[in-house]
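Copied over from TrEMBL:
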BINDING   A171, D285, T289  Mg(2+) binding site
Amino acid sequence: MNRYSEIIATLALTLIIATLPGCAKTLPSQSEFVLGTICTVNLYDQGSPEVYHQIFDRLREIENRMSANLEDSELDQINRMAGIRPVVVHPDLIDVIQRALYFAEKADGAFDPTVGPLVKLWSIGSDDERLPGEDEIAAALSLINWRDIVVDREQGTVFLERPLMRLDLGAIAKGYAADEAGRIIRAAGIKRALIDLGGNILALGEKKGGAPWRVGIQNPLDNRGAYFGIAEVRDKTLVTSGIYERFFEYDGKRYHHILSTQDGYPVDNGLLSITVISGNSIDADALSTSLFVLGYEQGKILAESLDDTEAIFVFTDMSVHCTSGALEYFTLTDTTFSLIQD
């Protein structure tokens, strides 16, 4: 079954369950296709149609503001007005862009929300994916510089200083969306829930009976759903970035979607994936990309410098390295991998 068939099947099943006669007013979980992926929220015995409606309305609202692929989204308007004039946007978008700029500075440009020209050039994961020429890559790189974003919170505007610049918030917007879903759930008085936005996991509270949530971490060398380790968490988010998520192959070489703003090619530093464990999802989302691009040594230094942040690094040689506090949560379960304690 291809990806789109799976999406249709999942959504069809959701609709069937939701419309069965005699269903209780509490709904254990709901899934919808939004933010470019399947998003599932499980409120267990406290789920109600009203709360699910609020959550998915909010996710669609965020998508309509922050998607680089939706024509006339607020982000699209900023991109079309690059080098021309500032664009008035919703405070949501300003909040996310400012957080993106924070991590761009922290990661010394390894994370850069102006990576849009490069993302569009490669178009990995779309029907237009291809291996660009060196001149095309050089032209795209010349447009990437997070310092050329002008945010005026007082006026509520965002401006890209040079024509053809392009924002892409794909490495941070889902994290913000997960945090917003969590905010709605807490405001409704719900104490425990699991949110899965295409692999961005937010685990609220704890399991019934007081045990922590057990979250499997994707094995980057196996099929979707296979895991190499488990994290036991309460009120934490887990976000993974890896070379297995979106890629294509050309002349026997794999080209994945995590792009370097230094040379314009997919990052090749021996890493297969990075999982970040944190108290908020927007930070974990941005950091999973930042740490991957930085590589293990610099990435570990950055993660260790931040409060409430742990990271798990998986390498092509099947070794697993962690930040100092990660083993409080993480247990390796697949013995084909080796846990190295530095």
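Even glycines carry a Cβ here, placed using N, Cα and C.
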Other same-chain residues whose Cβ falls within 8 Å of the Cβ centroid of A171, D285, T289, the recorded Mg(2+) site, in sequence order: F111, G170, I172, G175, V239, S241, A286, L287, S288, S290
DSSP three-state assignment for A171 (Mg(2+) binding site): coil
Same chain, 6+ residues apart, C-beta under 8 Å of the C-beta of A171 (Mg(2+) binding site), given in sequence order: F111, P113, S241, D285, A286, S288, T289
Listed binding-site residues (D285, T289), ranked by Cβ neighbours within 10 Å, top entry: D285
